[in-house]
Structures are given as C-alpha cells and as structure tokens.
Amino acid sequence: MNWNEILFWLLKSGLFFFILITACAYYTLAERKVAGFIQDRKGPNRAGFWGLLQPLADGIKFLTKEEVFPVQVNKVMYLIAPAISMTCAIMAWSVVPLGGQIPLPSWLQEKTGLTFLDLQIANPDTGILFLFAISSLAVYGIIIAGWASNNKYSLLGAVRSTAQMISYELPLGMSVVSIVILSGSLRLTDISASQVGLWNIFKLPGFIAFCLFVVAMFAETNRLPFDLAEAESELVVGFHTEYGAFKFALFFIAEYMNMITMSCVVTLLFFGGYQVPFGILEGHVLQPLFGLVFFLGKVLFFTFLFLWVRWTLPRFRYDQLMSLGWKKLIPWAILNILIASIYIQF
C-alpha cells in the first residue's frame, strides 16, 4: 500500500465519520420533531429555518458547558467510560457497506492504484461477527460509568443495562446465524448480494429471524420499550446520571450511532441491503448510485421505527424484559437455526 492509497483511505474514513456524526446530529432533531408531532406540539423551531440549526446549537451548548466532576469519583475511569462507548460505536460502523462498488475515473485509478471505490471503510471476512464483537464491548463503557460515578442510581442503571445487553446478545446473535446459514458468508456485502433474487424477509427462517432481531435490536440499543437502564421514573437517567457537558454528549451520540448502525444492519440482513429490486439496472453504471438511494430509504424507515416506538409504547417491567429474552426469544432462535438448516437442503 503506497502513500496515495493510505491518504485516500484516510480521506474516505474521515468522510464516513463526518457523514455519521452529521446523521446523528439530525437524528436527534428528527426525534424531537416526531415527539412533537405525536404529542401534538411543534418541537424545536427557533434555531434556523424550521429548527434545522438546532443540532449545531446543541453541539455548541455541550462543548461550552462547564466540566464538573462529582465528589469522590474515580476520575480516570469516569473519563474513560464515555470514550469506550463512543469508540465502539464508531468501530462498529466501519464494517457497514452503504452501497456497491463505484468505478473510479482513470486519473484517480493512477493516483490511488484502486479500480473501484468501496462504500465501506473495511470489509473483513468476519464482517457481521466483527460488528457484534465490537458492539458487545460497549458494555464495559456502561458498567465502568456506573461504577466510577459513585452514585447508587448510576450503578443500578449500569447493572441493569449490562444484564439486559448480555441477555439479548444471545437471541440477536442466534437470529443472525440463520441468515449466515442462508447466505453462506459472514460478510455483509455477500449477505446483501445473496438477496438479489429474493430478500431474506420473504423466506421462512428469514422472517422468524427478522422478528427476533428487531425485538433484540431495541433491547441492545436501550430504547423503549426496553430502556430499563435509563428509566427516568426509577433511576433519574441511569448509568450517566452524573455525566454532563461533553462527556454526556459522547454517551448521547454513541446511542444514536448504534441506532443508525442497527438500522443499516437489519436492512442488509433482511431487506436486500443496497440491491436494486427486481434486478433493475443490473450491470448499469448508475446501479451503485440507485442502490445507495434504495439503501438509505430502507434505513430511514427503521430509524423512524425507533422513534415511533419510543413515543408510543410503554416500558416493560424488568422481570418481563428478562423473561422475554430467556424464555421466549432464545428458544425460538435455536429452533430457527434448525429451520434454516433444513430450508437450505430443499
């Protein structure tokens, strides 16, 4: 790899990071607008036209707030915790493909030594396995935040969140095993390519896996109706009760990054990813562009689903949450692996 290739990869990574941060910023605005609509009010509309500068105002607010440390906290761990959550969220995003390969012009091929531009930072053979491994490490950021804050509400929220994430990683992972069996690969690009003729959602094991995945996805991202770790009526705001200013912003952004990443993953696993439906424009030079448009449309639907569910459904009790994961989802996930194994034989 020469210096031009390294520089090109760094520029692409920086562009992806900028897109993700911008998407997260406006996702927060979208959530407040949707909440306002559901609650029959306007939502934020003072910063810029129709409130479009509200994310910028929020960012300035977080950056300029005074940094306050509670008494008797472990400062090193207290500061490391939000950094762990943010780092895991960014690294998980790195293996998500946004589209197919785009042919590069000849002059750029000479400069970079690359024939195509991959709309993905990295494409390891372990793909989906890498994504879930990195996502599971975010648990450490949460439990460290709860312990280092020297606050009972924070610690209880961290313990709840850790138990919840560990419990729902099992059905989440096992639902993906069914899709890996159907597609024969761990790479997200290969899984998307295997759905050219028929999306996985229209296959029996794929449909069952989708139902399991969506429920576990809400639990893994700590969103309603599974936000027991941040239950305002019980725990103030849970594990980040003692966090403010930019430190809180890191937790906040990481949560929205995880929601966007999960929306991308569910699209890639079950809804054909960036494949254009019915084989339209197959082999056409504009296929990657239209594929990106279709992919973003599907992702927007699932990001909206996160918001709609949050503001319309009540919260589970903690015992109901754990019972659903261990007694309902896991047995169904195991059964679905068997169904997928039988399905590919016929």
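Cβ from N, Cα, C; glycine included.
Sequence annotations record features per position, and here Swiss-Prot assigns transmembrane segment to 6-26 (among others).
Among the features that Swiss-Prot reports, transmembrane segment is placed at 76-96 (among others), with the record citing sequence analysis.
The transmembrane segment feature in Swiss-Prot is assigned to 128-148 (among others).
Same-chain neighbours of the transmembrane segment (166-186): 125-129, 132, 136, 139, 194-195, 200, 203, 205-206, 208-210, 212-213, 215-217, 219-220, 226, 269-270, 322, 325-326, 329-330, 332-334, 336-337, 339-341, 343-344, counting only residues six or more beyond its ends whose CB sits under 8 Å from a CB of the stretch. Annotation comment: Swiss-Prot describes 166-186 (among others) as transmembrane segment.
Residues or ranges marked as transmembrane segment by Swiss-Prot on the basis of sequence analysis: 198-218 (among others).
For the transmembrane segment (260-280), the list of distant contacts is 20, 23-24, 27, 89, 92-93, 96-100, 119, 128, 131, 135, 176, 179, 188, 191-193, 195-197, 199-201, 206, 209-210, 213-214, 217, 220-221, 287-288, 290-292, 294-295, 298-299, 302-303, 306: same-chain residues at least six beyond its ends, Cβ to Cβ under 8 Å. Residues or ranges marked as transmembrane segment by Swiss-Prot on the basis of sequence analysis: 260-280 (among others).
The transmembrane segment annotation in Swiss-Prot covers 289-309 (among others) and is backed by sequence analysis. Listed by sequence, the residues of this chain that lie at least six past the ends of the transmembrane segment (289-309) yet keep a Cβ under 8 A from its Cβ atoms are 27, 30-31, 34-35, 38, 98-100, 102, 119, 218, 221, 223-225, 259-260, 262-264, 266-267, 271, 273-277, 280-281.
According to Swiss-Prot, the feature transmembrane segment maps to 324-344 (among others).
Remote same-chain partners of the transmembrane segment (6-26), defined as residues 6 or more beyond its termini with a Cβ less than 8 Å from a stretch Cβ, comprise 55-56, 58-59, 90, 93-94, 111-112, 114, 117, 121, 253, 256-257, 260.
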